[in-house]
Each structure stands twice: as structure tokens, then as C-alpha cells.
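K.L.:
The structure is given below, and queries will be raised subsequently.
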Protein chains: 4
Amino acid sequence: MISKAIPFKVKLVAYNPQGELVVAIAAKMSRSRHGWEHHLDMPPQEIETWIRDSIIHGYWSVLEHSSYTFSIEGISRVASHQFVRHRIASYTQMSHRFAKPKDEYYKPVVPPSFKDVHGYETTYQEYLRLLNQGVPEEDARYVLPNGVNTNLVVTMNARELYNFFGLRLCTRAQWEIRAVAWLMLDEVKRVHPILFRYAGPNCIIHENFVRPEEDPVSLDQEKVFVSSRCIEGVPREGIWKCIRNSRTILEKIK
Amino acid sequence: MISKAIPFKVKLVAYNPQGELVVAIAAKMSRSRHGWEHHLDMPPQEIETWIRDSIIHGYWSVLEHSSYTFSIEGISRVASHQFVRHRIASYTQMSHRFAKPKDEYYKPVVPPSFKDVHGYETTYQEYLRLLNQGVPEEDARYVLPNGVNTNLVVTMNARELYNFFGLRLCTRAQWEIRAVAWLMLDEVKRVHPILFRYAGPNCIIHENFVRPEEDPVSLDQEKVFVSSRCIEGVPREGIWKCIRNSRTILEKIK
Amino acid sequence: MISKAIPFKVKLVAYNPQGELVVAIAAKMSRSRHGWEHHLDMPPQEIETWIRDSIIHGYWSVLEHSSYTFSIEGISRVASHQFVRHRIASYTQMSHRFAKPKDEYYKPVVPPSFKDVHGYETTYQEYLRLLNQGVPEEDARYVLPNGVNTNLVVTMNARELYNFFGLRLCTRAQWEIRAVAWLMLDEVKRVHPILFRYAGPNCIIHENFVRPEEDPVSLDQEKVFVSSRCIEGVPREGIWKCIRNSRTILEKIK
Amino acid sequence: MISKAIPFKVKLVAYNPQGELVVAIAAKMSRSRHGWEHHLDMPPQEIETWIRDSIIHGYWSVLEHSSYTFSIEGISRVASHQFVRHRIASYTQMSHRFAKPKDEYYKPVVPPSFKDVHGYETTYQEYLRLLNQGVPEEDARYVLPNGVNTNLVVTMNARELYNFFGLRLCTRAQWEIRAVAWLMLDEVKRVHPILFRYAGPNCIIHENFVRPEEDPVSLDQEKVFVSSRCIEGVPREGIWKCIRNSRTILEKIK
């Protein structure tokens, strides 16, 4: 029942296909006297310009007009507890008060650093024993491990996603939520590559606030940083290596 | 240039057509061990049940997974100032620092209670005089009237819309934002009639928290209230008349 | 090391002693042309009236001007995970990535429904074994039980506290966070009895929206409800018994 | 009645004198196994270190545990409309629906760029005429100028203040809200100089994310920037002059 293969799934389940256009029109309308319909036939190149300029100059609020809903299934309660600390987002979580993680639904997450897995099976037997004693589900779950699996429906707008990615793609983020974040980034870049072109860990975000505007940096191409360190203290020379390391988590959990 | 015909437009410009399904699946997933895909073929009747039960029992958070973007054009800065007090929402506003409300773009809102309109034209001449003197746009606008027109792009999720409607459909709300709220309600009910069936002023919302669950009330059909007063102090017997009065604002501004 | 005595502590550690005056002045200033200093000598009776009227009519925003910081020590991660779902609040949590819950700091919470405690000790041995193997702390904690103890610093304003109490004092709330909520209520009522007089589970909050204004209800005195049910479905006759039941959790955990 | 002397007042009216200690203890508790009381006698030097490190590394959430309430009196509705766009804050505003800005209470704000003031008096006469005609206050105010004075009670925590200052101390911010921001900064630095040492326009905030940690920059002392531009596009060499320019607004409005 318990294996080291990582069981979690990250899937973008709802979003507005026109999200990039919506963000670009909103950005333009703050400087225009025309209404929405006037801007509906904005050419792709102009969409790109409005979005790029908004991000490079920190005009984040327009990014709030496009939202994304993910189903994140099989992550541990260690990760879900970290996730819900992001307050500008909407969450619905599988409740262990009502849905028992039993039988094939008990799939606790095993960190890649574990050589073997002992505690999860005995813990599970104790959980069953308590249920059989008549202990309510909401109490019996106290003995389940922190690594126990749960499901989470998460909705975030593009601005909050930039913030979430800034913190959670960073190599200092805990491995599981970091893996989830890289998978979420892949999902949104697939559907809205223009809007998420400059998303990345905070080193990327902050660098784009302080470097020449005509030459922004993204995860797509390594460029020399102006920043002398990232916000976590990694010196200029080590930043790209640090970013590459961060993403290797996806290989470790396959 | 200045007429009493109300110039404002309220248009739903972006939303997810599947929003009702998304909310219903999220509600179900909190009590289920299955993942998103398992629930994708939920029948319409079940969608309705999950949504209704969430609203009647105040389980509002699942309604956050469906968002709506409106373009609200031609409202006064009196109304826009009230609007942006709703903090759980996203706004992009036409800036009078960059977009001059001149010529055909100067269309200040005239309240229905005005018999005639005097001040708006002299104010406008003063605005032009200041601009000609070289006063910057961001300062010249200080003399423009509070009634001056502006445009607003607003994104709210369904939970916040319920809250917004609760406050702003009420007859105690100021007439202009009230008119905007009724028009917004029409827009969302047109596309998501199930999700917004129980939306209404706060008298309706609160009544559904305290009356028999099997008999919820909505704007569609007048029923005797259990509440002895609404939150604004209108006694039980006067509530329906008060609601009907509130909506008549739409006739006054035509 | 592991005992059934509940280890948690709930302590109000920071607040503004003048909070009630601040809320009352804010309420008055929305209707007054005078500045702050004009209102500084408001008599106690008037403070009470402004606060009461704000709550009875759902004019909640003025309650945001008074904030409360609690140190909540020794609760389980089951409870802390629920706690941080309240997004309009500020949290700092003891991190098990940095602070190992070892030796005298391992005090997992034991639900009152447990007849005996087996799993916690073996789990702890497994945790130590992993640490000795060189597994990083942030991974070893995956085997710790959900009931493991943590500390939380929480800041909430009075409006959010009313909302938190509405949900978490209710008998349907999970026992541990419910116990924490009752202890928090005692703390704030001790210092600001006027501001928190009408705080209670949602049955109380909603009842005050629909009953005669001159006769509000509070936890201090049982009165017949106008509501025919509470939002959780308990019928009128059962509500007071339900509230009394809810608070008995404090006796069970002593 | 109408003069160019700026009428507005910015006063810190409520805060917790122990706010710096509260923030420092919260920061420490995330890495400690001890409870609140254990940290109560933290020496001043250590308070400073925890606060500085939190800011330099963007660990902002601990700054949320200290809140500040301001009474801002006599600003224009141009400025108040911008102010309330900051959503992570609490507001109570003088309502022109209930409090008529008449007689000595009509003190519209005159921008320093105005050579003379014409429009405000005729507008006022029109306002009086409408009131005399029986037009309700909430409608008559449509003809009042955008510059009309209002009062605002604002509560923000230290994290949001850093964000507010980042945007509104900047020379690109509109002059009136910029003046208010500089006055607010003076108020909080007076009472909590450690907590607000690194507050400033966004050029300062971002610079501290990318420069050597052991040498942070603040408004107290000009140092050469690592950033090649600020987020608004001002090149490295021009940044300090730009900051000095921004604050000169305080002299212009005396």
C-alpha cells in the first residue's frame, strides 16, 4: 500500500481561455477613455506589451482579473498546511472528519530522503483500532501521520500565482510544495505563456524590478544578474545554479 | 452635452461558463475521497443540490471558485468611490490623471432628483481654463464634480457578489450603486441562474439562515418571513414592499 | 511524556486598552463633521450605544480598528491547520523545519475520546530513528502524528473575531479549535466586555439580525429565539441546549 | 472660506506601544520551541536584529502583528478615493450622505499648482441651491468638487504600511496622497523608529532585496545603489535626487 512513488497530481481544472486578453484590456483601460468593447480586437503583439510592462513595473493589480483553479490530489497535510497560509486564494480541502483515508485511499507521502518506510503502516493499524473502538473519525485522525494524503481545490488569480511562485519555486521552499509549484507553473504556462513568461522564484521577480527595462529576464534564458544577491542571501554568481537545483525535485519524485 | 439620461453601462465581460459545475464539484470534494475527474459528469440536479445546500448553510467558501469580470462604464466617482470599498475584489479604474474627461467624454451623472442641471457646465469651463493655464491634469480634476463619469473593470467571485448584492441591492444603498447592483445581478443570473438563485438584499440572505431549510426564499417568489425585522430595521410586514421599491430605480434612470 | 491532560495555553498577549473607545469614535465619525479629538471624551454610555448599534445592524467595519494578538501554545497541527484557514488574520507558527518537537517539547494532543494512547510513542521513536539516519528535520516530521503540538501567534481584529467565534464556538466545530475559541472569548471579554458582549456562535449573531432591535440577545441571558432554526439546522427549541453543550468542552479537557 | 493653505491633518491616534517587541517575539517564535513568556525580556539589540532580518529577507508576515490607527482629516475625495484602493486596511470615512460639508466645514483642497481659485465658490452656491430645492444630501453632493474635504480613520498594520509607503512616498504618486504618506511616516517613525527604519519608496525596498545584507540602505543615509533603475524607471544615478524631490511636497503645502 505504501510506496515511495509520489502519488500526487496537479491539474488545472478551470480558467478563462481569454485571460490574457482580459488582463491586457484592463491595463489599457486605466489610461483610456474608451469602454471595453473598443479594445476587444487588440492584436497579440499589443497584448504582450501591456502584460510585459505591467509586470516589469510592478503594476500587479491588473493580473488579478484572470483566475485559475487547480485540483491538487494526493499531497501530504504537511504541504496542504503550508499551502493554505497563502491567504489571497480560495481553498476547498478534503476533510478527514468526513472522508476516511482508509484502504486504497491511505497513501501517505514518502519524502525522497527516506531510505525505508516503517512508521506509516503501524500508525494506520492504530487508526483502524481507534475507529473500531468507536473513537470518532475527527479524533482518530490525530494519530495519522503528518504525511497523510489529502486533496485540495485551489483558486488563485495570476497576481497571487506570481507571488506564490516567487516564494515556492525557490530552492529554500520545502521540497513537496516546491514540486507542486513547479507543476502548477507548467500548467499555467501551457495555457497562458505570455502572462506567465516572467514568473519564477523571487530572485527573478526582484531582478526585473532593478535591471534595464528593455532587457527583462525570465526562466527561459540565463542572463547575468544586476542583483548582488537574492532575497534569501544567495550571491549573484550562484543564483542560476540554485534555480536549476530547485527544479530537479521533479526528477526525484517520479 | 449634459443630459439627464443615465449614461452608464454594466456588462459582464468575462467568466467561466462552467462555474456552476466548478462550485458544485468543490463542495462535493470536501466530503469525498475521489479526485476532480471522478465528479465531472455530475447531473444538473445534483449541481443544484450542492449549490443550494452550500448557500442555505452559509458554506460560502466554495462559491469563491467562480469569478466574474464586469465592465462598468459611465458611473460617477461618487459611485466608484463606494464600489472600491469592497475589498475582496479586483479593480482597474480609468484614471483622470491620464485620461482627460473632455468633450464627448465629459458625461457627469445627473441624479434623478435633480429638476435641472446648472453646475456641471460652469465647472467644466473652469476645468478647461485650468488646463489652458498649464495646471496638470491630475490637479485640474480637483474642480470637476463628484458626479463626473468614470469607467471601472471589476472582478468578484460569487461569494463576494452575494455579499455585495446583500448590501447594495438594499433600498438603503445609495441610488446609483444600487442601480449598478441590480444590473449586475441581471447579468449573472442570465448566465448562472442556479448559482445566483438565492442572491438578494441582506433581508433575503439572513432569512435563509433562520427559516426552515426545505423552504428557502428567493427574489423569484414572495413568502412570509420568519425574521421579525431586516438588519436595517424594516419590520417583517414591510420587507417585500421595500425590496420592490429598491428595484424601481431601474425605471427611474431609463 | 504523553498524558491526557490537555497541554494547550491560550493567552491574549497584545491589544490596545483603548480599543472600545477607538471603535466607538470611528463609528461616530462616519456621521460627524468633527475630527478625532472632538470625540475623545465620549462617556461610557455613549461608547456602549455606538458599539451595540454597529453590531445589531451589521455595521461591522468599525470593529476592525481594534486588534488582538494571542499566543496559542501546545495545540495540535490538526487545530492549527483549521485555524489558518481564517484568512483575515495574521499568523506566525512554530516551524517543525527549524524547531524539533523532541524530548520535553514532544507533547502531542490526546483527544478526550481516546481511552488509551498507543501510537504516539512508537511514532516518536520512528521520528528519532529517521533523524539519526540523517533524514532532514523537514522530512522526518512526515511521520509525526497530526496530533503533534505546535505554537501559533495569531492577530485578529474584533470583526474577524466575531466571525471566528460565530463559526468556532458552534457545537459543530471540531472539539479542539472549539476549546481554543471559548478560551479566546474569555480573554477578550475580560478586557473589552462591551465590544464582545454580543459575540457567540452564529445562532446568536444571526438572531440579532432578525429580532427586535431593542431586545438583542447575548450569551449572558437565554431568551426565546425568533429564528426557527440555526444555520446548522438545529431547531429553535434546541439552540440554547446546543450552546451550553458546546462550552462543556472546557470541562472535558481540564 | 476657501484658501490655499492646506487644511489637512494626519495624526496617529492608536497603536500598541509594545509593537516592536511583539513583532520581534513573533519572528523568534517561528524558530523556537518556547512560548511567548520565555521571550518577554528580549534585549533592545535583539529586537532590532529580528526586525532588521525580517525586513531585509522579505519575511514580512511578522510585521502584521503591530497595527496603527490614523485620523486623516481634511483631505480631498481625490485622495480618499486613492487611499481606499489599499485593500489590506480598515477604513471609516465621513459620509457626505449624512454629514453636510457646509459653512465652516466646506474646505475643499486647493492644489499648490493653482494660481487662483474660482470654481469652488460657485459650486458651493449650486450645492446650497439644490439642498434648498429639496434635493437629498446624497444627491446634491454630486455637484461638489472632487477636491471637497473629507475625514478618514485608517488602520493599517506595519506590513501594509511598508507597502503603502513603497507606493505613495514615490515621486510618481499624486501630490496629496504623497504628502499624507510622508506625514504618516513621520508619525510612525516617532513612536517605532526600529520597526520603520527601512521604510521608504519602493526604490529603497527593492534595493534592500538585492544589495549585500550587511549593508542595508534607509532614508537616513544616502548610499550608492546596486539597482540599475527603480521600478518606475528612474536610473541609478537619479534615484536619491528623486527621493529628495518627493519629500519637498511637505514644504509646498505649508
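Glycine too: its Cβ is placed from the backbone N, Cα and C atoms.
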K.L.:
Which candidate from A:Arg129, A:Arg159, A:Arg168 does TrEMBL annotate alongside A:Gln82, A:Phe83, A:Val84, A:Arg85, A:Gln93, A:Met94, A:Ser95, A:His96, A:Arg97, A:Arg141 at the dUMP binding site?
P.N.:
A:Arg168
K.L.:
Looking at the FAD binding annotation from TrEMBL, with A:Arg85, A:His86, A:Arg87, A:Gln93, A:Asn157, A:Ala158, A:Arg159, A:Asn163 already listed, which candidate in A:Ser32, A:Ser61, A:Ser71, A:Ser113 is the matching residue?
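P.N.:
Answer per TrEMBL: A:Ser61.
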K.L.:
Within the chain of A:Ser61 (FAD binding site), which residues six or more apart in sequence place their C-beta under 8 angstroms from its C-beta?
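P.N.:
The list for A:Ser61 (FAD binding site) reads A:Arg159, given in order along the sequence.
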K.L.:
Just the number: how many Å between the Cα atoms of A:Arg97 (dUMP binding site) and A:Arg168 (active site, involved in ionization of N3 of dUMP, leading to its activation)?
P.N.:
29
K.L.:
Here are some recorded positions: A:His86, A:Arg97, A:Arg168. Which one has the most Cβ atoms within 10 Å of its Cβ?
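P.N.:
Counting Cβ neighbours within 10 Å, the top one is A:Arg168.
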K.L.:
Among the recorded positions (A:Ser95, A:Arg97, A:Arg168), which are close to chain B, meaning C-beta separation under 8 angstroms?
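P.N.:
Answer, by Cβ distance to chain B: A:Ser95.
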K.L.:
With H, G and I counted as helix, E and B as strand and the rest as coil, say where DSSP puts A:Ser95 (dUMP binding site).
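P.N.:
It is coil.
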K.L.:
Select from A:Val84, A:Ser95, A:Arg97, A:Asn163, A:Arg168 the recorded positions whose C-beta atom falls under 8 Å of at least one C-beta in chain C, and return them in sequence order or as 'none'.
P.N.:
A:Val84, A:Arg97
K.L.:
Validating a neighbour-count step here. Other CB atoms within 10 A of the CB of A:Asn163 (FAD binding site): how many?
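P.N.:
So the Cβ neighbour count for A:Asn163 (FAD binding site) comes to 20.
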K.L.:
So for A:Ala158 (FAD binding site), how many other CB atoms are inside 10 Å of its CB?
P.N.:
27
K.L.:
In Å, rounded, how far does the Cα of A:Arg168 (active site, involved in ionization of N3 of dUMP, leading to its activation) sit from the Cα of A:Gln82 (dUMP binding site)?
P.N.:
10
